[in-house]
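Features as listed in TrEMBL:
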type     : residues                                                               : note
BINDING  : Asp137, His177, Asp185, Lys382, His387, Thr429, Asn468, Ala469, Arg501 : substrate binding site
ACT_SITE : Glu269                                                                 : active site, proton donor
ACT_SITE : Glu467                                                                 : active site, proton acceptor
Amino acid sequence: MMALNIAHQTGAAAAVAVAPRSAVVAAAASGAAPSVAPAAAPALQAQTIMVDPAPAQAPDSVKPDLAMACQALVESVPEAEHPDVAAELKSKAGVPVFVMMPLDTVRKDGNSLNRRKAVEASLAALKSAGVEGIMVDVWWGIVEAEGPGQYNFNGYMELMEMARKNGLKVQAVMSFHQCGGNVGDSVTIPLPKWVLEEMDKDQDLAYTDRSGRRNYEYVSLGCDTMPVLKGRTPIQCYADFMRAFRDHFATYMGNTIVEIQVGMGPAGELRYPSYPEANGTWSFPGIGEFQCYDRYMLSSLKAAAEAVGKPEWGNAGPGDSGSYKDWPEDTPFFRREGGWNTEYGQFFMSWYSHMLLEHGERILSAATGVFTAAPGVKISVKVAGIHWHYGTRSHAAELTAGYYNTRHHDGYLPIARMLARHGAVLNFTCVEMRDHEQPQDAQCRPEALVQQVAVAARESGVGLAGENALPRYDETAHDQVVATAAEKAEEERMVAFTYLRMGPDLFQPDNWRRFAAFVKRMSGAGKQDMCREQVEREASGVAHATQPLVQEAAVALTN
């Protein structure tokens, strides 16, 4: 079994003939080495450069010292006041457990649920086991399939009502990406047809690699602010979708629907589609490829290079960074003392990661604007657990995904600070993984990665939530999650954990008994009188009491 975190993949990126201008904000905070707890650094003076698609010569006023300019191209903007989200979410003992629903919970026509009886039995069983709630993908490709601004939430309304009747909370994922073509994808749900039509007309709306390969899973962040989708910008489309969701489910907001996870890229994660598995393009543990070759990404790169007085850096990404299935030492750019650690490499990675941070800022600004009026609803953002090659100096697989995380530079602190400015929760994956379970030659370090992200979240005052990257039903995985998420001092405890995924395997008798014990251990965090034997006895009681429901759910889900 491959040990990695991926789910859905195939994206999209940017282009229009006439171009509104987009701002490249360069504000820096120095990155600490990931191996130690990163310390907050003073922000350098912010510089804002207005970038045209056909950029003219950068004004002389934007040519500071090269080293500082390269550094200033990315990290973070000055921190704003924000509520202590982490403290607020950790006010009750234990870590609430949510369970991901099947990807095809709602029919593709959007009108009703698939396997309704299975869903009913499953929700009742989950509630009996002490589960806090469920997570469900609200697919853009289903809800707004018929045309711009035409929303069909009927199937999701059926699910929300069912969750409410069972006393379960809901984490709703605004899934603006395609489902299909990657690990765990049991169905294919493309982007709305009218979006794909625009991408077919202008293929620069799709993320693009150095070979010109287009990725249709998610609209490229390069055109976030361009009216390329039937007169609306992608950000406007996402905001309108979220507003329609909020209005449609107004009576559920804050009581049943308690979290909105905002999709920001492939698999719903804030990253580039650097490791697409579809058609054998990538395979684990390849380093992936940079996704910056659509017209709008290249336009921004060109302007950024001119702004630091190095126009020759703006023509393309690194030409020696290898291909999807390569390993770091196969490439001049990512090897031990490679191009990633040169002035050019620092400039490029600063620009590339900053574009991703700006994308996150834009979507979070839209999301907070929509959901501020919904008390009791948290916003979260999912960050990928790219643990392979983490033990190398360059962290190549993280770099191609847009996380500027190396032996010398912390890539997760700027993300956590961005989330803190919007009061959002950081949702991270691969919490179930142990280092020794992974291929050692690929320098996999999931435990160290989770720890680094936890430090970034804690320093930023951001709530940290977790998920398992791959389906696991064994006690070894459960033990790792409990130790990482729940058996911590209160200030280090995760605010929630979402279990991947509801299906017939979960409801097999032994798996179900172990899962019931896992939920009790998570919810009992901090209680000194909880012993393993007591948990096992209670879990066996739950398994016995729910046996009819579980059998019904397993059969119905299998069919």
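The backbone N, Cα and C atoms fix where each Cβ goes, and this holds for glycine too.
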(request) State the Cα to Cα distance, in Å, between the residue listed as 'active site, proton donor' and Asn468 (substrate binding site), rounded to an integer. (result) 14
(message) These are the binding-site residues: His387, Arg501. Which one scores highest on other Cβ atoms within 10 Å?
(response) His387
(message) Say we define neighbours as other CB atoms within 10 Å of the CB. Which of the recorded positions Asp137, Asp185, Glu467 has the fewest?
(response) Asp185
(message) If I take the alpha carbons of Arg501 (substrate binding site) and Glu467 (active site, proton acceptor), what is the distance between them in whole Å?
(response) 10
(request) Under 8 Å Cβ to Cβ from Asn468 (substrate binding site), same chain, six or more residues apart: give me those in sequence order, or none if nothing qualifies. (result) Thr429, Cys430, Val431, Glu432, Ala477, Val481, Tyr499, Leu500
(request) Could you round the CA separation between Asp185 (substrate binding site) and Glu467 (active site, proton acceptor) to a whole angstrom and send it over? (result) 16
(message) Among all protein chains shown, how many Cβ atoms are found within 10 Å of the Cβ of Glu269 (active site, proton donor), not counting that one?
(response) 27
(request) May I ask for the distance between His387 (substrate binding site) and the residue listed as 'active site, proton acceptor', taken between their Cα atoms and rounded to an integer number of Å? (result) 14
